[in-house]
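Just below is one structure, and these are the notes that go with it.
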């Protein structure tokens with residue numbers, strides 16, 4: 001169903017195609033997405049709660065990790081509920097304002113998470129290379145500034161990109177061959193000059209990716225140099241365990257970004273773009289808490305104590 005289009009883009013409703021070309025897969029995709037979203041919310045909110053409960057986790061590393069979990073919940077909550085809705089109901093429309101809102105918050109979360117991972121790399125650099133002064137160097141004030149700066153930069157970049165999309169005209173087809181308001185799909189529906197938006201996207205994307213990767217690479221170059229000079233194997237193992245989870249999260253995050261935006265796609269490869277976006281927006285928020293919690297003794301111990309205390313209280317209650 002194509003709606004009548006006027007010069008005012010605010011009156012447009014987009015139709016999200018989602019995975020409607022595979023009707024036999026709607027139920028399995030719905031159940032899989034719902035399961036992943038549930039695990040995402042429980043896992044990430046669990047990390048935030050566990051950090052608050054255990055005083056041992058009131059350190060810069062867990063402070064940054066709790067914000068990473070918050071971003072994962074927010075980003076997943078911007079994308080997955082709409083995906084579940086269009087899989088469940090026949091009306092797959094989204095208003096123009098709703099589409100721009102979804103894009104703004106989704107984009108803010110992605111850029112903020114990109115720099116949050118870079119901040120966490122710097123945190124690991126300080127922890128490994130200068131452990132005796134770690135709590136002094138990574139003061140509460142500095143941690144708050146690094147986190148606040150990441151959020152502010154993410155919102156600013158997203159505002160620019162959202163504005164560049166909102167001022168464009170949209171005419172012709174309003175059918176969006178995607179399950180979310182992804183940048184390239186929105187631009188493809190515009191009938192006005194897209195050069196400003198494309199240039200803004202290129203500059204912001206390149207700057208953010210290069211800056212975040214430079215911070216990460218510089219941090220890990222110093223970490224590797226420090227670790228290579230360690231005489232004991234115990235120190236090597238400790239340094240590796242300190243950085244392994246973060247390296248795994250970094251590889252998955254930037255690997256999927258590379259697949260989605262740097263590998264050329266054929267004009268008819270929208271299915272591949274949708275699958276890659278699903279990996280990015282649905283899977284990564286679920287994987288992060290699993291990666292960090294499975295390799296972290298303090299987190300696992302706190303969760304174990306919490307479960308045991310709840311079970312003990314239930315046993316007392318039913319006696």
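Placed from the backbone N, Cα and C atoms, the Cβ positions cover glycine too.
In TrEMBL, annotation is done automatically, which means it is predicted and not curated.
Ranges compared are 7-28, 29-50, and TrEMBL records transmembrane segment for 29-50. Same-chain residues lying 6+ beyond the ends of the transmembrane segment (29-50) with a Cβ under 8 Å from its Cβ atoms: 19, 57, 65-66, 69-70, 72-73, 76-77, 80-81, 83-84, 87-88, 282-283, 285-286, 288-290, 292-293, 299, 302-303, 306. Only residues 6 or more beyond the boundaries of the transmembrane segment (100-122), in the same chain, are considered here, and those with a CB under 8 A from a CB of the stretch are 61, 64-65, 67-68, 71-72, 74-75, 78-79, 82, 94, 146-147, 149-151, 153-155, 157-159, 161-162, 165-166, 180-183, 186, 204, 208-209, 211-213, 215-216, 219-220, 246, 249-250, 253, 281. Only pairs six or more apart in sequence are counted, and the transmembrane segment (277-295) with the transmembrane segment (62-80) gives three or more Cβ pairs under 8 Å, enough to call it a contact. Remote same-chain partners of the transmembrane segment (62-80), defined as residues 6 or more beyond its termini with a Cβ less than 8 Å from a stretch Cβ, comprise 33, 36-37, 40-41, 43-45, 47-48, 51, 102, 105-106, 109-110, 112-113, 116-117, 119-120, 123, 143, 146-147, 179-180, 249, 281-282, 284-286, 288-289, 292.
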